[in-house]
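Chemist: Feature table excerpt (Swiss-Prot):
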{"type": "BINDING", "residues": "8, 9, 39, 91", "note": "divalent metal cation binding site"}
């Protein structure tokens, strides 16, 4: 089985090295990742300039584009390699709740799903670098189970690994997405020339960490797996929307 691996932290990130190393024990792996950190770019594509595919000394390939670009390149530009499955990650930091809308890690998996492949995004609920051992041990468990009977149809799964010691991981839970409050206000500043500039403020606090949510269960020490879908239609609002837009 051929597995394409990407991320949004860039090809030099520790998380993608761990993911590639573990996945290589189960499948034929190729890595195509951004040349630099592209966190928060969501599903964006590079349409205003050409892309370049280069190979690093460690064998990983990198692209001067976004995570979504990398999936396109990995699918259509690698000689003698056609992916059956796509893994994205391991992201340095969680991707839970509405964060998934902004995440390049999740976006790479989403693009693969749209192309008709099973896809899994992996994230570690920690940005300090203290819990990579937990992430690696969790991956062995997750991928051993995955490759026993790989999905035969496209799936899109978002996995978050808790920031606890390896022995303190409590198991796996299937969850729904939680929610955050709206992000905080932008932060005004001045550049060295005295010109007004702005920084996007920090993310908002979690507003929904109830039992059964990714925020709640991952925070309680569980590996969370959340099945995602592409259809954003608000089906319960169809009738109300039709009534609002009804004209005689």
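Every residue, even glycine, has its Cβ placed from backbone N, Cα and C.
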Chemist: Name them in sequence order: residues not among 8, 9, 39, 91 whose Cβ is within 8 Å of the mean position of the Cβ atoms defining the divalent metal cation site.
Modeler: 7, 10, 13, 15, 37, 38, 67, 89, 92, 93, 103, 104, 105
Chemist: By the DSSP assignment reduced to helix, strand and coil, which category contains residue 39 (divalent metal cation binding site)?
Modeler: coil
Chemist: Just jot down the residues in the same chain as residue 39 (divalent metal cation binding site), at least 6 apart in sequence, with C-beta under 8 A of its C-beta; none if empty.
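Modeler: Sequence-distant Cβ neighbours: 8, 9, 91, 103, 104, 105.
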Chemist: Run through the Cβ atoms and count how many others sit within 10 Å of the one on residue 8 (divalent metal cation binding site).
Modeler: 31
Chemist: What is the total of other Cβ atoms whose distance to the Cβ of residue 91 (divalent metal cation binding site) is within 10 Å?
Modeler: 29
